[in-house]
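**Q** Got a structure for you, written out below as structure tokens; questions coming shortly.
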């Protein structure tokens, strides 16, 4: 109970210390082991999370909470087939779990089976119509399939439930760009830039749109703002971007005649080599923990590469790490994942801790 109080206060570190002491007194208590594993997973400490969840499954192989959490970790690291095997077991115990169907949908998304992904996500949405993370994922998948009107529908619904998240406005702007509504797309990009000042992908996509509209001064301002964001990320040691984003930034810099951007001197991982979609990431560590901004950065390079879109489009939707939802330890606790991701964003069960994408929260 003391651990739950710390969780209600948002003090994860003290909660973990309390649960660690509780596990010392009751090493075979699967509820304590599962909760402690979920807390470590939420913080991106995967080794300890896997250790405690594994211990919980050793004492109770049918513990669906631990199985769901373990599947989420495997999904985060791109082991979609193994994660789906785990989810099959959970489906027998809790067939109407929104986080379960959300994660199954994002597994299919990672396997590029988009129709199956949409079917699972819509079932999750039917079971939890007010979960913005599921709506976020639906919008992301529809963007990938170039179904921009449907993407606009789900992203608008997600924004009405989560109006303070910049990535949602950026994806909405991508959809509006492809629906040939540049004015509202500009408003959405401006709001995204206002809400998230450290996401260079927002500024890059906004700059591409302004350049195509002939507003070179505005495009240059956004390009410079993007460079500032990249420098901040580089200084913090979290500089890791999709190769397509870097290529587009270099092309735009050449078009704006600003020369080669010095901020792109650090080696960048190739998008294909890091096709370890975050499940629920970023959560996240970085995915941002379950998917983090890194997951969103890759997922949302949608508007960055215009070569795959028709004229007037904001860019392509080259998605590598779909945001999956993060795990949440207690129903009454609002979990704060360590991003990133995917974005990686997760939902918890009404009565039990569950897996949350995300993603996000890309």
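Each residue, glycine too, has its Cβ placed from N, Cα and C.
Heads up, here are the entries from TrEMBL:
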type	residues	note
COMPBIAS	289-301	compositional bias 'Polar residues'
COMPBIAS	330-341	compositional bias 'Low complexity'
REGION	269-362	region 'Disordered'
REPEAT	1-29	repeat 'TPR'
REPEAT	30-63	repeat 'TPR'
REPEAT	132-165	repeat 'TPR'
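What's the neighbourhood like for each of these?
**A** The DSSP breakdown of the repeat 'TPR' (30-63) into helical (H, G, I), extended (E, B) and coil residues amounts to 27 helix, 0 strand, 7 coil.
Mean per-residue pLDDT, taken over the repeat 'TPR' (132-165), amounts to 94.
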**Q** Could you give me the DSSP helix, strand and coil counts for the repeat 'TPR' (1-29)?
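**A** Breakdown, helix to coil: 21 helix, 0 strand, 8 coil.
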